[in-house]
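Undergrad: In case it helps, TrEMBL gives these features for our protein:
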DOMAIN    14-53  domain 'FecR N-terminal'
DOMAIN    120-212  domain 'FecR protein'
TRANSMEM  92-110  transmembrane segment
């Protein structure tokens with residue numbers, strides 16, 4: 001039995017209210033207390049707007065927040081729920097809402113469904129796949145990834161449609177091996193390297209040998225060679241490129257069950273870990289999301305990794321359910 005709200009400390013921040021409302025969506029007293037809290041201050045309303053938008057963006061279909069604070073004077077107005085309520089006399093409305101939500105979800109998923117229909121190989125969350133190509137080259141496909149194979153007599157070409165892959169290429173001077181990922185292409189004769197698509201950019205990192213990377217049709221164009229340990233992040237619109245060097249053995253560390261990061265924003269690290277977690281992860285606050293993070297995280301236990309990130313940043317960690325994690329404050 002859940003403890004009565006009178007026996008618990010009342011939430012004092014938007015993130016705490018989200019935890020409480022998700023835990024007790026039908027608690028009328030809790031909802032009334034929340035209405036009074038959000039009506040008491042414009043800052044409260046702004047904080048709730050931020051965290052609710054974050055929650056929606058990470059997977060919630062129905063709006064969580066608009067009517068909560070649209071009219072701060074109407075505190076007694078019935079509040080929408082953060083989880084659906086069953087209420088007599090609204091079967092038709094709920095049915096139509098369900099159809100609308102299903103339609104929204106279908107539209108959101110349709111591009112990904114179409115993309116995967118064109119793929120020769122695809123993986124789901126926390127899944128990896130090893131593919132041996134006809135020439136002896138090996139592709140190790142990361143989670144939430146898709147790959148198309150386009151081999152001809154003149155060249156060996158593969159298209160990374162989404163996600164990440166590590167390539168161990170069999171040497172063949174007469175048939176170069178090319179990987180395209182959006183506007184970026186990597187060309188090799190025989191080597192080992194990783195290609196990753198994320199945040200509207202393609203990142204190429206080399207473990208062995210050398211790789212020529214190019215970007216055509218985007219200003220500025222790119223045509224350069226990377227050696228072992230080098231990496232290049234090339235945006236699809238030319239706006240935010242980056243280059244650097246790392247220990248070659250750290251390239252594609254996910255193959256060894258680890259995520260090794262150095263000076264990456266918290267949001268970017270969390271985005272990588274999401275591929276190993278079948279749920280929603282919320283990072284509240286732009287300041288927290290943008291902080292640089294360095295560490296080594298175990299991909300077999302993403303929840304422990306999220307907890308470690310929160311601890312390192314002095315942030316709060318909440319696991320709202322087996323499928324929802326919230327990192328806030330700090």
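Each Cβ is built from the backbone N, Cα and C atoms, and glycine gets one as well.
Fair warning: this is a prediction, and the values are worked out from it, not measured in the lab.
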Undergrad: With DSSP as the yardstick, break the domain 'FecR N-terminal' (14-53) down into helix, strand and coil residue counts.
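TA: Summed over the domain 'FecR N-terminal' (14-53), the classes give 34 helix, 0 strand, 6 coil.
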Undergrad: If you average per-residue pLDDT over the domain 'FecR protein' (120-212), what number do you get?
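TA: Result for the domain 'FecR protein' (120-212): average pLDDT 95.
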